[in-house]
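Notes to accompany the following structure.
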Amino acid sequence: MKPDETSLRENNFDVIRFILACAVVFSHSYALGLGDESGEPFNMMLGVSSGNLAVKGFFVISGFLILRSWDRRRSWMDYLRKRIVRIYPGWLAVNVLTIAVLASLSITTFSEVVAWLPKAVLLWRFQTAGAFEGNAFPEAINGSLWSIPFEFACYLLLLALGLLGVLARTRWLLAATALTLLTSLAKDLGGAFDAFQIHPTIGRTVATSSFFLVGACAYRLRDFVQYNWIGAACCFLGLCVTSFVPLANQVILPITLAYLLFGLAFQRRVCLHRFGKHGDFSYGIYLYAFPIQQIIVWSQGGTMNPLALFAISAPLSIAAGIGSWFAVERWFLSRRRLKPMETASPSPASEDTRIAVELP
């Protein structure tokens with residue numbers, strides 16, 4: 001099985017992204033409720049949490065869809081405009097609403113908001129001292145937003161590769177992806193590559209872009225890659241191996257995760273392509289879940305049973321995601337005549353064992 005033009009239009013990406021967004025909520029229920037994710041089921045079985053895998057999966061899917069968007073662009077300015085309109089409105093809305101809630105609780109000040117406004121252009125998340133004191137992660141207002149600047153950085157990376165002509169040749173794209181994967185591996189080896197430890201932003205950019213570019217390669221090789229149960233079984237085995245060989249995360253995990261995700265996305269026996277007919281709620285779920293969970297835990301004194309937290313926060317996060325889509329995202333997309341399938345953002349890949357909101 002390989003994707004054809006019909007499956008590129010009728011696929012399971014919407015339901016997969018919805019599940020990935022909910023997986024982040026589930027994983028954060030352990031981190032925010034108990035202080036770490038060590039007891040999270042996926043973390044106990046595979047050494048990596050469901051939220052960790054989910055944000056990496058978002059980057060992989062994003063690479064596939066954004067390269068498709070690049071191929072269908074009218075100009076590079078058209079491509080960039082679409083990316084800005086897809087990311088910024090929802091991101092700004094969640095920050096503004098969060099500020100309003102914090103202000104109503106007398107947690108933030110007007111001067112802090114004014115100081116943050118210029119940084120909003122660079123997708124810097126709003127922070128304030130004294131928020132959620134007593135919680136496992138005090139002052140973490142919306143930890144999930146760490147991934148949005150790196151998502152946008154991947155968009156700019158793809159733009160640069162396109163303008164340089166790298167995307168026009170499959171072998172060049174494969175070479176660029178291989179270089180990124182090896183650099184990500186070298187980052188964790190340390191030694192001569194300690195510069196990546198000195199500049200963590202570089203390390204995070206490399207880590208996220210490696211998953212993004214693997215997804216882009218999957219799109220470029222879509223006519224050659226066959227998705228079947230044997231391949232899926234081998235990739236699942238490879239996924240399990242990464243829990244015993246941590247360094248394999250940097251090379252094996254992006255490839256195996258991509259194969260499994262796209263195999264599910266283009267599965268013809270179970271086609272749920274109408275799941276997103278009313279909208280793509282995954283971005284909004286991802287944006288709003290973290291502050292919702294922080295407020296719930298704060299109201300309970302700073303700790304909470306993770307399953308209870310998930311049971312309460314998941315419906316609220318889904319409702320917020322639906323509201324974000326209809327009140328903000330859809331309005332901007334319809335004005336610009338954009339297709340929501342052209343992005344998989346939120347967000348992207350975490351490797352902190354405590355919480356899936358930070359990269360090393």
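Each Cβ is built from the backbone N, Cα and C atoms, and glycine gets one as well.
Bear in mind that TrEMBL entries carry predicted annotations, made automatically and left uncurated.
Features as listed in TrEMBL:
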- 12-320: domain 'Acyltransferase 3' (DOMAIN)
- 12-33: transmembrane segment (TRANSMEM)
- 53-70: transmembrane segment (TRANSMEM)
- 91-117: transmembrane segment (TRANSMEM)
- 145-165: transmembrane segment (TRANSMEM)
- 228-245: transmembrane segment (TRANSMEM)
- 251-271: transmembrane segment (TRANSMEM)
- 283-301: transmembrane segment (TRANSMEM)
- 307-328: transmembrane segment (TRANSMEM)
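Using the rule of three or more Cβ pairs under 8 Å, pairs at least 6 apart in sequence, the transmembrane segment (53-70) is not in contact with the transmembrane segment (307-328). Same-chain residues lying 6 or more positions outside the transmembrane segment (228-245) and placing a CB less than 8 Å from one of its CB atoms are 1, 45-48, 252-253, 255-257, 259-260, 263.
Proximity of distant same-chain residues to the transmembrane segment (307-328), defined by a Cβ-Cβ separation under 8 Å and at least 6 residues beyond the stretch ends, is recorded for 21-22, 25-26, 29, 32-33, 89-90, 93-94, 279-289, 292-293, 296-297. In this model, the domain 'Acyltransferase 3' (12-320) carries an average pLDDT of 89.
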